[in-house]
Amino acid sequence: MLSRLFRMHGLFVASHPWEVIVGTVTLTICMMSMNMFTGNNKICGWNYECPKFEEDVLSSDIIILTITRCIAILYIYFQFQNLRQLGSKYILGIAGLFTIFSSFVFSTVVIHFLDKELTGLNEALPFFLLLIDLSRASALAKFALSSNSQDEVRENIARGMAILGPTFTLDALVECLVIGVGTMSGVRQLEIMCCFGCMSVLANYFVFMTFFPACVSLVLELSRESREGRPIWQLSHFARVLEEEENKPNPVTQRVKMIMSLGLVLVHAHSRWIADPSPQNSTAEQSKVSLGLAEDVSKRIEPSVSLWQFYLSKMISMDIEQVITLSLALLLAVKYIFFEQAETESTLSLKNPITSPVVTPKKAQDNCCRREPLLVRRNQKLSSVEEDPGVNQDRKVEVIKPLVAEAETSGRATFVLGASAASPPLALGAQEPGIELPSEPRPNEECLQILESAEKGAKFLSDAEIIQLVNAKHIPAYKLETLMETHERGVSIRRQLLSAKLAEPSSLQYLPYRDYNYSLVMGACCENVIGYMPIPVGVAGPLCLDGKEYQVPMATTEGCLVASTNRGCRAISLGGGASSRVLADGMSRGPVVRLPRACDSAEVKSWLETPEGFAVVKEAFDSTSRFARLQKLHVTLAGRNLYIRLQSKTGDAMGMNMISKGTEKALLKLQEFFPELQILAVSGNYCTDKKPAAINWIEGRGKTVVCEAVIPAKVVREVLKTTTEAMVDVNINKNLVGSAMAGSIGGYNAHAANIVTAIYIACGQDAAQNVGSSNCITLMEASGPTNEDLYISCTMPSIEIGTVGGGTNLLPQQACLQMLGVQGACKDNPGENARQLARIVCGTVMAGELSLMAALAAGHLVRSHMVHNRSKINLQDLQGTCTKKAA
């Protein structure tokens, strides 16, 4: 029950960070302000003379107070030093934020408690620093930092609060009750110290439950790398935190704490209300007396300076004990910042390192369709291959063995030959100096201790030991990348696990996996990764479209496709270029809901088609994204099932995730008006996505684009090697009549899917969406003064495409998008990059249609494919597309 309440509290705080932060700061300032305006206007040393204060200061034990301050500073220093060993600047920053704001809240409470006299902070702050505990704060931060998205951040913070909240609450209660016993001792100084201690515990608890989780959520949201769509703070080293923190505290310890709490409550009740029902002085009054605030020992004086100057002079003036304390703090700060950097880096190299964020150059601000001059960084090199003269000489089949990682100083990325069958297995992490791995695997218990150790980690385990832990179910195979020190080693170990289960262990030898930036793949593109598939990428162009020239990348294994498209681009360019327009832009999602009766469904349909109903659904839908804007609803029913097709703009993203989120919110809003409505599925195939559907052909989906060009008769004869009359005749009887006879939906073209799929693979699109995106009707007719010129147009109503998210985050795909000048989001005009890419797709399809139809009209198709699409290589002697083996 308590865990559920704390979970709800954590989710609320993480979901509304601005409101919680502003509310907390406002409450803190109000506490100070109310005291400043309503408190005592007698300030010692400024307008009142307090002789007892001087006496108390002289009689106090300065040595003990100085030692206490120094111990407190050392304690905080060691806490931050331990946090630094985790290797995360975010952990350090968030913990520092927690400390600073906690001290601010505590100072406010002390000022309010002591009636705006700042002198009490000298004694209070050491107790605050000694009682502050960053372990809980860092544990909650680890929960958040192990997330892959902002939604997961909120969920993990809520989960962390559910686990840590009850324990921290009980600990704070016990600490307050234990320390509070000292307030009943009768010793004035001890009572004041214990009062400060209780206030410190309460201030820490207040900040941990409100301000801190809100700040964690906000900081991580603001630190997202928006261009890549991936968080730069995701820490692979903390991926196990959910499992580690899931273990509940010892129930025996919790029961003992509760019994102690009840006993201490009885002690406090007896001492305060039974044994001494009318205490003479409260702790606050005694503290004021101790600080010289009692009226009977003060006399009024005329202030010589303003109040702010008085406080400033008090802060600047320093006694010998303050000089010692400040000197120690400065020395430790200098040591921590400057002299521990090398030591920390050395220590972190022996741990699970944090995945480095992807470094990308800034984009130009003057043009939304921008190009980046440099894409690949030193540590993000794409795979390259080198010719090895020894490969063709030695053709024996080699079994995959663990790899030795290349030295970091190597400037070349190559596929490395695998170890021979007689070679001993070597771990990827075993190349670090000072790390010696045993030749035989150690016991699972010892390996688990090393893996979970903050000082060691997976780098101190061999591949054989990791495989042993996976086989024993101690490590899930799908988490190998997050648990290893590098993603690549996780992929390598998974390949070894898989090879042992295959009938042919050498099956993966030509599937590369080295030197690939897997940080962009994890959590976004693929799971259970065993490598990547190199596909040849050709270029067709220049394509002259709307007054600009484009070199179009095409990833394909079909011979003649790029050459044919390139010929079509040349014909279009010689004819003066093509023109294009985007007719519509809107992604769709079609959920299916059910009501008790068909008449009820009809009533909901009628309500949705009214302006009021549409406005309600649109408000809920639009609230889920700054880009998603509901455009229209298309509603139909089948019996008591209701199908609602929501169509919305999605910016530069393809938009399926965005519109699905908005659809879900809209359906929940619809349920508020019709409680009997049952949501069957957020996708009811009425969208329609990745399936042939007439609704996409008629209504459109994604981008609807039309492209046209006029090819002069001379170009038709000399470049396309045919005549306008022949091309028009073939187009009518093939693309129109032939497709109609076949009952085609949207297939009134020669081979639009060829070009669409090739561009989609090259540019990181969802290749399965070529089903709807390839809908195209190609029209040709004679034109010009003598009817010898060729007019051609392609209309594509459902190009589902985007330039951000998914595969567009991968570096090779980004390179292809940059070739076209449409990589990333367009800041000046959101959605323009995606629309421009759709135009390029349609223009390239038209070029492909032009060339293929010309080949068919001239009878050249079979001959060209026999020349360009039939390999003459003896496949029996083929070593593989990669000149070196992958493992």
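The first residue you see is number 1, and the count goes up from there.
Heads up, the Cβ atoms here are built off N, Cα and C, so glycines get one too.
If you check Swiss-Prot, you get these features:
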type	residues	note
ACT_SITE	Glu558	active site, charge relay system
ACT_SITE	Lys690	active site, charge relay system
ACT_SITE	Asp766	active site, charge relay system
ACT_SITE	His865	active site, proton donor
CROSSLNK	Lys89	ubiquitin cross-link
CROSSLNK	Lys248	ubiquitin cross-link
CARBOHYD	Asn281	N-linked glycosylation site
TOPO_DOM	1-9	topological domain 'Cytoplasmic'
TOPO_DOM	40-56	topological domain 'Lumenal'
TOPO_DOM	79-89	topological domain 'Cytoplasmic'
TOPO_DOM	115-123	topological domain 'Lumenal'
TOPO_DOM	150-159	topological domain 'Cytoplasmic'
TOPO_DOM	188-191	topological domain 'Lumenal'
TOPO_DOM	221-248	topological domain 'Cytoplasmic'
TOPO_DOM	276-314	topological domain 'Lumenal'
TOPO_DOM	340-887	topological domain 'Cytoplasmic'
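Recorded features from Swiss-Prot, shown on the structure.
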residue : record                           : DSSP class
Glu558  : active site, charge relay system : coil
Lys690  : active site, charge relay system : coil
Asp766  : active site, charge relay system : coil
If we skip the immediate neighbours and take only residues 6+ beyond the ends of the topological domain 'Cytoplasmic' (150-159), which ones have a Cβ under 8 Å from one of its Cβ atoms?
7-8, 10-11, 13-15, 140, 143-144, 213, 216-217, 220-221, 224, 231, 242
Once the chains shown are all counted, how many other Cβ atoms turn up within 10 Å of the Cβ of Lys690 (active site, charge relay system)?
17
With a Cβ cut-off under 8 Å, give me the same-chain residues at least six positions beyond the ends of the topological domain 'Cytoplasmic' (1-9) that come close to it.
158-159, 161-163, 165-166, 209
All-chain count of other Cβ atoms within 10 Å of Asp766 (active site, charge relay system):
17
Hey, how far is Lys690 (active site, charge relay system) from Asp766 (active site, charge relay system), Cα to Cα, in Å?
10
Within 10 Å of the Cβ of Glu558 (active site, charge relay system), how many other Cβ atoms can be counted across all chains shown?
16
Where Asp766 (active site, charge relay system) and Glu558 (active site, charge relay system) are concerned, what is their Cα separation in Å, rounded?
19
Residue counts in helix (H, G, I), strand (E, B) and coil for the topological domain 'Cytoplasmic' (150-159), per DSSP?
10 helix, 0 strand, 0 coil
Would you list the DSSP helix, strand and coil counts for the residues of the topological domain 'Cytoplasmic' (1-9)?
8 helix, 0 strand, 1 coil
